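First the structure, in the form of structure tokens, and then the observations on it.
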Amino acid sequence: MDKMKKPKINWLLIVIVGIIAALLITVLVLLFSPKTQPKSFDYLLKHFEEAAKSTTDDIYFETIKINSLDNTIGVIFRNGAMREEYFVAASAAQANFLTSGNVEVREILQLANVQAYIQSIKTLNGTISWFTFMNKFLAQHPGYDASKAGLFGQHIVQENGFITFIKAIWFPALIAIIIFLGYKAQSRAASGGIFNPGKNQAVIVKTDKKFTDIAGNKEPIEEVQELVDYLKNPKKYAAAGARFPKGILLGGPPGTGKTLLAKATAGEANVPFFFISASSFVELYVGLGAKRVREMFKEARKLAPAIIFIDELDAVGRSRGSGIGGGNDEREQTLNQILVEMDGINENAGILIMGATNRTDVLDPALLRPGRFDRIITVGLPDIKEREEILKLHSKGKRLSKEIKFDKIAKRTPGYSGAQLENVINEASLLSVREKTDVIISTQIDEAIDRVMAGPAKKSRVISQEELKAVAYHEAGHAVVGLKVKGGNKVQKITIIPRGNAGGYNLMTPEEEKYNASKKELLATIASYMGGRAAEMIIYGKENISTGASDDISRATKIARKMVTEWGMSALGPIKYEEDTENPFLGRDYSKGTFGSKMAHEIDLEIRKIISASEEIAIKAIEQNLELLELIKDSLLENETIVAEEIEYIEKNMKLPPNNEKIKPDGESKKVNIEDLINQVNESQEKDKQKNAQIKEDLSKMDKKDNLTKAKDKGEEETLAEKAE
């Protein structure tokens, strides 16, 4: 998002330019200033001697300045109409001699007259203080002009080194100070600063995102589009007597596009769009959050119609005075102020408040009522069709192989959010660069899916052949149960390459995506999770089962517990014993259930029954298909990774799929790729469907023929009966 108020200023660049400008000005001043010639210290003493010997006011020193920082002596010497300006690079002792003098000479001057002093020049040349001599000369010749007292127009001045340094740097320092003060003023204007901490933290943003940049989420987009249209054409809705909605809350899992939808709203609305994170309200000072809320709504009212978008609303919107930690006065004050501003005494005509959160369930009820957030829209995880659209959107501008089919990728990514799907495409792009391929190929897409789900493969991990074989049996067990138990999860991909903390990895998806599941389907799903453990028990015995089923058991137990405590699918009856409270620190009660220890024991028994029954289903399915188990295991040991099409080929033909290199009788090699294998399986399935349809049609014809025969026989019997009568 780009700030609309002010463009971003590169202060570092400005400071550098300012310093360069100051240095350039200093160089120019030095370049065009009058030039002074360097002279020796003896040359200066010679002029001192000439001035001392002169009996008129024509020879004198107009100025002598001694810089104690570098011991340079600046001199302006007058000899009649001639004016000579020069400087002397003196030593520290020479400069000190001119300003401090010689104790012996000063004593002579106190006792002798000027002539004696002049005589001393000849005998003590270079050892006297001419400054002291000037004072003595003026004291003995009061009639001389003070400005031209035979020697000096001014006293010798010893400049302070610090003052000299300040004179050299004052201009660059002034520029730097001005720039610094401007930067601090701009910072205070943006964030309130120490002198105005309660200043509005929301920024007016402008973005080029549109609703066309969002794939999936059609219902949320329609809801938001209506509000944007209201802001653009309020008269149309006013004529119908419609009230402008005050707020819209976007909820749902992380990564589903809530903030992206807000960006698109900003791009479409063409009205001031205030963006702020809820965590920006509460900071150091008491009452700061409430003040910032007031300032934000005050500015929004001035620019109405406008939209205020508060991201991560649960940071300040959680239920008041609840949870383990109790209430938080500062957060609750901020929430109270938001409630008042959204629906209080002050009117908010033309202001739409949008909020986004992952936890709508922990928000305060007063925040969710109509009149504040009139609409609560759930931006959920995309279904298979929406996943395909999202993948196509994020693939724009990327070079993809023609073999890649987005519908198959969507089928292999159930439960993925939009952010995860974008990450899949990005990971595949990075793999393409790493492997130096011109285009993104299907194997890179498969690897990207695995990386997003379970992390990168640990190919360097050393695993014994026996352990690898056990992992292959475990993963093959999942595949067999998925194929043979109706309603269970189907394995889309299996690998025995370690990922994360797991020795192997399998991707299981339901036969079709459904919003509701029957008890039979849930039991089949649990059975598919227990397929790995069942295979271990059959092959190695109950005493040699491994820890590889840890995650499977966890998932199976979670489903079984919900069947008992939430969905009423057990002998305990249709009673809800537990609430879904995974994190009590988000404003929930700590206790998950309202039942005693006896009921908890009964719940555990029912969960055990469900899992045990499902495990028996898995064991039975594998025992009846041991040959299929062995074939899938062999394929895994040979290839390390297999996909759903290869598993279906093995089930259909009860043999391993052809290798990538198949030798012809004449010795030439023929490549059989995975796409050909998939087509073979699909063609076989299509033929089976046609065959089954033909059988059904034949059976239907036979039934019709039998019915006609029966009707004919019945009619003849009725005719005979009539004749008999």
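Even glycines carry a Cβ here, placed using N, Cα and C.
Swiss-Prot has this to say about the protein:
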| type | residues | note |
| --- | --- | --- |
| TRANSMEM | 12-32 | transmembrane segment |
| TRANSMEM | 161-181 | transmembrane segment |
| BINDING | Gly252, Pro253, Pro254, Gly255, Thr256, Gly257, Lys258, Thr259 | ATP binding site |
| ACT_SITE | Glu475 | active site |
| COMPBIAS | 684-725 | compositional bias 'Basic and acidic residues' |
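Features per Swiss-Prot, on structure.
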residue	record	DSSP (3 states)
Gly252	ATP binding site	coil
Gly257	ATP binding site	coil
Glu475	active site	helix
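Between the alpha carbons (Cα) of Pro253 (ATP binding site) and Glu475 (active site) lies a span of roughly 30 Å.
The separation of Glu475 (active site) from Pro254 (ATP binding site), Cα to Cα, is 30 Å. Residue density at Gly255 (ATP binding site): 19 other Cβ atoms are found within 10 A of its Cβ, drawing on all protein chains shown. Gly255 (ATP binding site) sits 30 Å from Glu475 (active site), taking the Cα positions as reference. Long-range Cβ contacts of Gly257 (ATP binding site) within its own chain (separation 6+, distance under 8 Å): Ile214, Gly216, Asn217, Val379, Gly418, Ala419. Reported as a whole number, the C-alpha separation between Lys258 (ATP binding site) and the residue listed as 'active site' equals 37 Å. Counting neighbouring Cβ atoms within 10 Å of each of the binding-site residues (Thr256, Thr259), the lowest count belongs to Thr259. The ATP site, placed at the center of the C-beta atoms of Gly252, Pro253, Pro254, Gly255, Thr256, Gly257, Lys258, Thr259, has further neighbours from the same chain whose C-beta lies within 8 angstroms: Ala356, Asn358, Val379, Ser417, Gly418, Ala419. Here Thr259 (ATP binding site) is positioned 39 angstrom away from Glu475 (active site), judged by their C-alpha atoms.
In this structure, the recorded positions under consideration are Gly252, Pro253, Pro254, Lys258, Glu475, and the one with the smallest number of other Cβ atoms within 10 Å of its Cβ is Pro254.
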